[in-house]
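Visitor: Mind having a look at this structure? Questions to follow.
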Amino acid sequence: MSSQVAGLLQLTALIAALALAYRPLGDYMARVYSSEKHYRPEKWMYKAIGANPAAEMRWPAYLRGVLAFSAMSVLFLYLMQRVQGSLPGSLGFSSIDPDQAFNTAASFVANTNWQSYYGEQAMGHVVQTGGLAVQNFLSAAVGMAVAVALVRGFARSRTGELGNFWADLVRGTVRILVPISVIGAIVLVAAGAIQNFSGIHQVGQFAGGTQEWNGGAVASQEAIKELGTNGGGYFNANSAHPFENPNPLSNLFEVFLILLIPFALTRTFGRMAGSLKQGYAILGAMAVIWIGFTALMMWTEFAHRGPAFEIAGGAMEGKEARFGIAGSSIFAVATTLTSTGAVNSFHSSYTGFGGGITLLGMQLGEIAPGGVGSGLYGMLIMAIIAVFIAGLMVGRTPEYLGKKIGTRQIKFAACYILITPALVLGFTAVAMALPTPADSMTNSGAHGFSEILYAYTSGANNNGSAFAGLNADTQWFNTTIGIAMLLGRFLPMVFVLALAGSLAEQQPVPETAGTLRTDKPLYSGLLVGTILIITGLTYFPALALGPLAEGLAS
């Protein structure tokens, strides 16, 4: 069997597994967020934090809850790292420097999981399990809560109430993320991932000498790392490490975990909004982009040029032999079209066009299917933009799900789509203009520029993957990427919740013969076109200086 056929079979199996899980998981999440029942453990949590889960919140109160909880999470994780040397289970590692601690705290709370440190050489068991892994659950639950608040904005009328942030946070964690993660961890242990709290071992090597190996609660952290589209690895090699991702079966399962909730949330959206066809339209747009990018990546990396590529069966530099080009390409596209950022190969070693695909996947806004929660609300923002453009073409006031898209709503949507490009291009320009940041580039020319562009694209889009040629463990990059991660995560949430509040206050508009049907394939095509055109106009000049120039030169 050729590698290409094997890759096609892997992709087919993945699509089948996602299709089987789509309906039951999507409906289950809709029931979770619509339920008025509170389980006893949830009541204990509400009592501990002093929250009333039955109290409805308008968007400013919902936003205050998101920001206050996230700010406390950043502070807690920062302090935990700063005192690591005094904590039990630190494995002898010292406390983390202030700029590194800030960067890591911002990274994990913002669901980015950018790592400019070596996990197995810097973080002990307590920080890994009690700090980083906990934030993997909580940051994902925050994203899901904001997405559900926007869905309620479409579903509700003549009210400004969007639900209760604390109830959404707890339910998303306790009823969705924890149960699936437990199952996922068991599967990964069965596949060969490690799960223990052992210390550092001296292991002999075949070529002579010794090597230090860490134990750790890897399988449990790996499960939520992928399920919550977090991406931060227990080891520096991330999912290329055999302790995290031992074989092709575990590799495909991890990709399944990455895509599971983002795709299923479109079913949740359709169910809560009262029209499953609307969810299918969003799903269709996501699926077209994801499958298209995956096919393009596999074609790019399998393309042979010269005897070395023919012998290797494609561009194998930076890829694990146990995954091959197909397994690496499927993983790379899934991790950059979502906010995961986990890697099982090194994106910096991909072909020029292959690296450009990973960059473009993030620059789309990670909406196909995007991060847990953030993918859905990002796609719904683009859906509003597409409806607005269609309305301009036919001279009608645009509507979406029975809600008028007026000046106020378009301003919120426009601010949302401008924030991330401004952060990415602004920080990249400053870093290239100053002498010190450029010293961190391992490569010069187009690839060196791509390293800088990739770093800020990854940070501002809350992805967390990197072109490994960049030395990001400097005060400049730790600070500026940390700021980009926080602003790129929470500023868009401000406009999402403000938009949700404005929609919830409206009275539904009855559908007429002139209303644009947003539950048809034609609209899905319009949505895909809108996304690609806006992204192209925004980022093409930067991409032309980096991956496109490198790809054409090679």
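Just so you know, glycine gets a Cβ as well, placed from its N, Cα and C.
Quantities reported herein were computed from a predicted structural model and do not represent experimental measurements.
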Visitor: If you look at how Swiss-Prot annotates this chain, which of 100-120, 352-372, 436-456 comes out as transmembrane segment?
Guide: 352-372
Visitor: Below 8 Å between Cβ atoms, which of the listed ranges 1-21, 59-79, 174-194 makes the most pairs with the transmembrane segment (246-266)?
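Guide: Comparing 1-21, 59-79, 174-194 against the transmembrane segment (246-266), the winner is 174-194.
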Visitor: Where else in the chain does the transmembrane segment (323-343) make close Cβ contacts, counting only residues six or more beyond its ends and a cut-off under 8 Å?
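Guide: Answer is 3-4, 6-8, 10-11, 14, 111-114, 225-226, 229-233, 238-240, 248, 251-252, 254-255, 258-259, 262, 289-290, 293-294, 297-298, 301-302, 313-316, 350, 354, 357-359, 361-362, 364, 366, 368-372, 374-375, 458, 461-465.
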Visitor: Same chain, outside the transmembrane segment (1-21) by at least 6, Cβ under 8 Å from its Cβ: which residues?
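Guide: Tertiary neighbours of the transmembrane segment (1-21) are 248, 252, 255-256, 259-260, 263-264, 291, 294, 298, 302, 313-314, 324-327, 329-330.
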Visitor: So are the transmembrane segment (481-501) and the transmembrane segment (412-432) touching or not, going by 3+ C-beta pairs under 8 A with a sequence gap of 6 or more?
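Guide: Per Cβ check, the transmembrane segment (481-501) touches the transmembrane segment (412-432).
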Visitor: Go through the chain and flag residues at least 6 beyond the ends of the transmembrane segment (412-432) whose CB is under 8 A from any CB in it; none is fine as an answer.
Guide: 363, 365, 378, 381-382, 384-385, 388, 438, 449, 452-453, 456-457, 460-461, 476, 480-481, 484, 487-488, 491-492, 495-496, 498-499, 502, 534, 538-539, 542
Visitor: Can you work out which residues elsewhere in the same chain, 6+ from the ends of the transmembrane segment (525-545), have a Cβ less than 8 Å from its Cβ atoms?
Guide: 281-282, 285, 288-289, 356, 359-360, 363-365, 367-368, 379, 382-383, 385-386, 389-390, 417, 421, 424-425, 428, 446, 449, 453
